[in-house]
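Engineer: Below are the structure tokens for one structure; questions will follow.
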Amino acid sequence: MKVVVGMSGGVDSSVAAYLLKQQGHQVVGVFMKNWDDLQSHPQYRKINDLGCVWKQDHEDADQVCRLLGIPFLTYNFIKEYQVKVFDLFLKELKKGRTPNPDIVCNQEIKFELFLKKALQEKGITAIATGHYASLKNNRLGRPKDRNKDQTYFLYRIKPEYLSKIIFPLANYLKSEVRKIAQDQHFPNAQKKDSTGICFIGDIDYRKFIQQHLISQKGEIVTATGKTLGYHEGLPFYTIGQRKGINIGGTGPYYVISKNLKENKLVVTNNKNDPRLFQAQCLVEDLHWLVKPQLPLQCAVQIRYRQTPQTAIIEIVAHNKVKVNFTIPQRAVTSGQSAVFYQKDCVLGGGVIQ
């Protein structure tokens, strides 16, 4: 089989390419260039000053492909990423929500544009990535390494694409992946995992957003309206957040809500404040990989690496469900995704209203 591997420059995609070659597949490595601050936003100063390392990522991917003796290509999706991912990300922030660009990037770029372009290459029958996820009978499921499980970010892949996707790391632990990279003398064997915004890099989030979004300072208040201090702009805060509030007094403080109309950040110094917890939430913009009969009791994740929570999901309107948790959940956040599981199988999910 001839397979295109999405090469990020990281250790996971590098080992994914190695494993496929070891299995006898013809492998082509492709680096997706989705962000260039000077090309996309020449009015802003260099984002490289904040630590963007896409050029280093590209070089690392190229070196690994040379070591493996496989072709290396670059696909340019800068314009598409700007429109389909980044502009939407900023739009959601302006609404006071907390979007997850990695999920949208997977949906619109990696498993849509990249997949389609790769399948146009001569002889290519599938794509592969270094995600920690599994596929069995065209069903998306959790991987062996539960600590690295990335299925939360993958629920919006179109179900008809699953037969064209390979996840070579499905049965590997991260420690095993690093050991393979070390044994093969990959230059990125000890490279840290990326934790920044998808494709942009490990950057100072607040400084980066300040370059792309005009925000207005406002009051930090208690639920009773007492002013405690001033915030830097509501887009920089999310529900349940503790760090970065920077006010004195009897803290630490936690974000309860964001009052967009009055531009106020509402906080509490009680980490168990009932206003931080919700027994239910509405989820819209649904996407199903396996459409179940509703109502249904299943496991739900409302954030990455959360322990799955038991809940009953029921239809309340077209393309909208209510999630009723068995145990009230802390910091249910508008704009984040709720992903539904049955055992290890991903059923689908949607965006928290």
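Cβ atoms are placed via backbone N, Cα and C, with glycine included.
Keep in mind that what you see is a predicted model, and the values were worked out from it rather than measured.
Under the heading active site, nucleophile, TrEMBL lists CYS105. According to TrEMBL, the feature active site, cysteine persulfide intermediate maps to CYS198. For GLY6, MET7, SER8, GLY9, GLY10, VAL11, ASP12, SER13, MET32, GLY130, the entry in TrEMBL reads ATP binding site. Under the heading domain 'tRNA-specific 2-thiouridylase MnmA-like central', TrEMBL lists 207-268. According to TrEMBL, the feature domain 'tRNA-specific 2-thiouridylase MnmA-like C-terminal' maps to 280-352. The feature site 'Interaction with tRNA' is assigned by TrEMBL to HIS131, GLN336.
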Engineer: Could you round the CA separation between GLN336 (site 'Interaction with tRNA') and MET32 (ATP binding site) to a whole angstrom and send it over?
Structural biologist: 25
Engineer: Within 10 Å of its Cβ, which one of these binding-site residues (GLY6, GLY10) has the largest number of other Cβ atoms?
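Structural biologist: Selected residue: GLY6.
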Engineer: Quick one: of GLY10, ASP12, MET32, CYS105, which recorded positions lie within 10 angstroms of HIS131 (site 'Interaction with tRNA'), measuring between C-alpha atoms? Sequence order, please.
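Structural biologist: Taking GLY10, ASP12, MET32, CYS105 one by one, the ones whose Cα falls within 10 Å of HIS131 (site 'Interaction with tRNA') are ASP12.
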Engineer: What does DSSP assign SER8 (ATP binding site), in three states?
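Structural biologist: The three-state answer is coil.
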Engineer: Tell me, roughly as an integer, the mean pLDDT over the domain 'tRNA-specific 2-thiouridylase MnmA-like central' (207-268).
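Structural biologist: Looking only at the domain 'tRNA-specific 2-thiouridylase MnmA-like central' (207-268), pLDDT averages out to 91.
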Engineer: Per DSSP, what is the residue count of the domain 'tRNA-specific 2-thiouridylase MnmA-like C-terminal' (280-352) in each of helix, strand and coil?
Structural biologist: 0 helix, 49 strand, 24 coil
Engineer: Taking Cα atoms as reference points, which of the binding-site residues SER8, GLY10, ASP12 is nearest to CYS105 (active site, nucleophile)?
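Structural biologist: Nearest candidate: SER8.
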Engineer: Would you mind checking how many other C-beta atoms are within 10 angstroms of the C-beta on CYS105 (active site, nucleophile)?
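Structural biologist: A count of 25.
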Engineer: Within 10 Å of the Cβ of HIS131 (site 'Interaction with tRNA'), how many other Cβ atoms are there?
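Structural biologist: There are 25 such Cβ atoms around HIS131 (site 'Interaction with tRNA').
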Engineer: For MET32 (ATP binding site), name the DSSP secondary structure in the helix/strand/coil scheme.
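Structural biologist: MET32 (ATP binding site) sits in a strand per DSSP.
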Engineer: Within the domain 'tRNA-specific 2-thiouridylase MnmA-like central' (207-268), count helix residues (DSSP H, G, I), strand residues (E, B) and coil residues, in that order.
Structural biologist: 9 helix, 21 strand, 32 coil
